[in-house]
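Copied from TrEMBL, the annotated features are:
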type	residues	note
REGION	1-53	region 'Disordered'
COMPBIAS	1-14	compositional bias 'Acidic residues'
COMPBIAS	15-24	compositional bias 'Low complexity'
COMPBIAS	33-53	compositional bias 'Low complexity'
TRANSMEM	81-101	transmembrane segment
DOMAIN	83-489	domain 'Major facilitator superfamily (MFS) profile'
TRANSMEM	121-141	transmembrane segment
TRANSMEM	148-169	transmembrane segment
TRANSMEM	175-195	transmembrane segment
TRANSMEM	207-229	transmembrane segment
TRANSMEM	249-269	transmembrane segment
TRANSMEM	305-324	transmembrane segment
TRANSMEM	344-364	transmembrane segment
TRANSMEM	376-393	transmembrane segment
TRANSMEM	399-424	transmembrane segment
TRANSMEM	436-453	transmembrane segment
TRANSMEM	465-484	transmembrane segment
Amino acid sequence: MVEDGGEEEAEGESAEVPASSAAPLQRCNGFLPGKEAAGGEEQPAAPAAPAASAAPAAPEAEAMLPAGSGRVETRLSRRRLAVLAVFSCYSLVNAFQWIQYSILSNVFAGFYGVSFTEIDWLSMVYMVAYVPLILPATWLLDARGLRLTALLGSGLNALGAWLKCGSLAPQRYPLTLAAQAVCAVAQVFILGLPSRIASVWFGPTEVSTACAVAVLGNQLGTAIGFLLPPVLVPNTPNDIDLMAHNIGIMFYGTAIVSTLLFFLTGVVFEEKPKYPPSHSQAVLQTIPPEDYSYKQSITNLFKNTAFVLLLISYGIMTGTFYSVSTLLNQMILTHYEGEEVNAGRIGLTLVVAGMVGSIICGLWLDYTKTYKQTTLIVYILSFIGLLVFTFTLDLGYLIVVFVTGGVLGFFMTGYLPLGFEFAVEITYPESEGTSSGLLNASAQIFGILFTLVQGKLTTDYSPRAGNLFLCAWVFVGIILTALIKSNLRRHSVNSGIMNLDVKAVPVDSPVEPESTTLKIQSTL
């Protein structure tokens, strides 16, 4: 089938739920039950029909039915794959620009004539910019939509890359810092999109995998950022002109690729597919825009105890990853002098292993829906991996560091999409962009603090002291994760409606005043 706009819809991937196949359901058409859409005058609510199924309903399995006609049609658009691919690519370039300075900290410190701390700020500016800008960015995503947010992210990414091309001289550190700040602002419009893209474009059996692939792009950019810069820009302290030439190759190449991806974003990205990909998305599309309050959404999230616990534990884990990535070059060179290239390769190993972990975790979640159990197990294994990495770093065998770094990356980086998807599940129907944006803000705050403290401990004492500091915090994160109550709201909607095991809530059941849809109970 071809859309009016020319977009093809995937054949054999649609689902229709006739009204006659389920129990008769009371409709509210996007208004409070008992109100008519046309005039808004209150009418007596129709009596609830008996349930078609006599099976007892699970107490936690409450969801919302889409208002409208007697059919709910869902389809998967073929465009979703192109949207995911383009987003992953420009997210990759943004992550590459984040780490390209840190992995060459000794080279750029010598080139610009600045301290290692000032080079570290070229990485930490990503974290600093994110915190104050995340709330405006998530508001923009909710108010103006996915397409504009994607264009801003890819466009600012390209602008920052071109500004870096003007900083190819030793006295131009302020310009390269300003250019990196532009890329940092672009990141604000990128990091919150994986769960939004997955939910808006992908079906319930592939949403976690899609989110993992979207996060994968960012991880792959970090991996390439570990691998490529040490190869393109070898340390030539006695030939500054050659060093500037090599840095220029890296900067101009990044600018050209990011510009191409900006134009591709304009061509490929649309606000949403013609048909919703899942019943949970169909529900959200029935809510009138005037009923949505960004301020109320933020308030609801912070009143959700499970989300607050996840917010802190996610920040600890991801902040630890940011700190280890930023200081990896310094940690490796402390024990293995002159091994800049191998430091990059170890970083590559860490991230590539994490990419594999992300995909495996995404597939596992789509198959089992065991969000809390998987998140807790991965958290515990990340803690063990960090301990092993800490106590084997100074043994004098690089091969051991490669192995322990890979194990650490598999679990620690593999955790990232788990946090996004778990948050969407326990906060539905709140905006995916808002919940993931707050998770990333927490990660940036912890990342800044951890990088500063670990960097100080590494410089004044040893890498082991800095890593043990991180281990203590990750252990705290394990405890917080264990306390999270798992209430899979989005999964309840999809399972309840798709199984057609639905019954209307009796009219004397309590109804929240601000609700715009009718609650149902579904047996899982």
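Using N, Cα and C of the backbone, Cβ positions are placed for all residues, glycine too.
Small disclaimer: the values here were computed from a predicted structure and weren't measured.
Counting Cβ pairs under 8 Å to the transmembrane segment (81-101), the top-ranked stretch among 148-169, 175-195, 207-229, 465-484 is 207-229. Within the model, the domain 'Major facilitator superfamily (MFS) profile' (83-489) carries an average pLDDT of 86. If one looks beyond the transmembrane segment (121-141) by at least 6 residues along the same chain, the residues whose Cβ comes under 8 Å of a Cβ in the stretch are 98-99, 101-102, 108, 148-149, 152, 176-177, 180-181, 183-185, 187-189, 191-193, 196, 294, 298, 322, 326, 431, 433-434, 437-438, 440-441, 444-445, 447-448, 451-452. Here the listed stretches are 148-169, 207-229, 305-324, and the one with the most C-beta pairs under 8 angstroms to the transmembrane segment (465-484) is 305-324.
Here the transmembrane segment (148-169) has long-range neighbours at 87, 90, 93-94, 97, 137, 140-141, 175-176, 178-190, 193, 244, 247-248, 251-252, 254-255, 258-259, 261-262, 265-266, 269, 433, meaning same-chain residues at least 6 beyond its ends whose C-beta is under 8 angstroms from one of its own.
Annotation: stretch 175-195 has the most Cβ pairs under 8 Å to the transmembrane segment (207-229), among 175-195, 305-324, 376-393, 436-453.
Against the transmembrane segment (175-195), the recorded stretches 305-324, 344-364, 436-453 differ in Cβ pairs under 8 Å, and the greatest number is found for 436-453. Through the fold, the transmembrane segment (344-364) approaches residues 99, 103, 208-213, 215-216, 219-220, 222-231, 324-325, 328-329, 332, 370, 374, 378, 398, 401-402, 405-418, 421 of its own chain, all at least 6 residues removed from its boundaries and within a Cβ separation under 8 Å.
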